[in-house]
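A short write-up of the structure that comes next.
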Amino acid sequence: MSGKHYKGQEVSCCIKYFIFGFNIIFWLLGVAFLGIGLWAWSEKGVLSNISSITDLGGFDPVWLFLVVGGVMFILGFAGCIGALRENTFLLKFFSVFLGIIFFLELTAGVLAFVFKDWIKDQLNFFINNNIRAYRDDIDLQNLIDFTQEYWECCGAFGADDWNLNIYFNCTDSNPSREKCGVPFSCCTKDPAEDVINTQCGYDVRAKPDAEQKTYIHVKGCVPQFEKWLQDNLTVVAGIFIGVALLQIFGICLAQNLISDIEAVRATNDEHKMHWFVCVCVSVCAFPP
């Protein structure tokens, strides 16, 4: 009886080290994102004055790095350590957390399709709110400038949205040199110019509407974003589908590894019980 050999379940090394390798890259990217976010806050003096986090009226792009980095760090850590140590709790956490993210993405996509007008209004509100805070944060300023340059737009629905900003509005009480102007990122680019003219938007909104078109982009960023989305719908849909399939693939691999680990543990428990029974039988059959 003691000469019998059992060929028990084995944990798949391919799945185990694939999950480990994939998640250690994911974890390192999360660390990098968190590091960039904390460095940016350190440069702006936020870390030395935490209360200043709530002072900004608009969106601080650093939050994007911190939130994305935090999620990637937690997921990567759970998947990496869970696979390496064959820890079913961490693997289940990884699987459930990834499933929740997938569900939230799916929900957001459906709601965005169903409530398109509401999303457009919220996007308009978001852009206008950040126009007000344009000069309050350098990262926000760079983000708005990049958006307006990339989509060749100005304001949410037009250049007059810059009236919301205290430095660019056209009121008589505005002492700013940028009064009745727009940021340089609204200006049409001259291919012959090697150096950006940061004053190209000065006083431009004081000119007639027909004349403004020769100096700045008059289309708003919301309609330009809609146009870009329609023109690149296949690419955007492909990216979302690819990310969703990657998440589903990760969940399936984690569940497969959990099943292997639990099967190995069940087999080992069975062998221990069998050995215990054999010892008991031997003791009873051949008492000392």
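Sequential numbering from 1, following the chain as shown.
Backbone N, Cα and C atoms are what each Cβ position is placed from, and that goes for glycine too.
So that you can see what the record holds, here are the features copied from TrEMBL:
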type: DISULFID; residues: Cys153-Cys186; note: disulfide bond
type: DISULFID; residues: Cys154-Cys170; note: disulfide bond
type: TRANSMEM; residues: 20-42; note: transmembrane segment
type: TRANSMEM; residues: 62-84; note: transmembrane segment
type: TRANSMEM; residues: 96-115; note: transmembrane segment
type: TRANSMEM; residues: 233-254; note: transmembrane segment
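Structure coloured by features recorded in TrEMBL.
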residue	record	Cβ contacts under 8 Å, 6 or more apart
Cys153	disulfide bond	Thr147, Cys186, His217, Lys219, Gly220, Cys221, Pro223, Gln224, Phe225
Cys154	disulfide bond	Gln148, Asp161, Trp162, Val182, Cys186, Ile216, His217, Val218, Lys219, Gly220, Cys221
Cys170	disulfide bond	Asn163, Lys179, Cys180, Arg205, Ala206
Would you kindly list the residues that approach the transmembrane segment (96-115) from elsewhere in its chain, counting only those six or more residues past its ends and only Cβ-Cβ distances under 8 Å?
71, 74-75, 78, 240, 243-244, 247-248, 250-251, 254
Cβ packing number for Cys186 (disulfide bond), 10 Å threshold
27
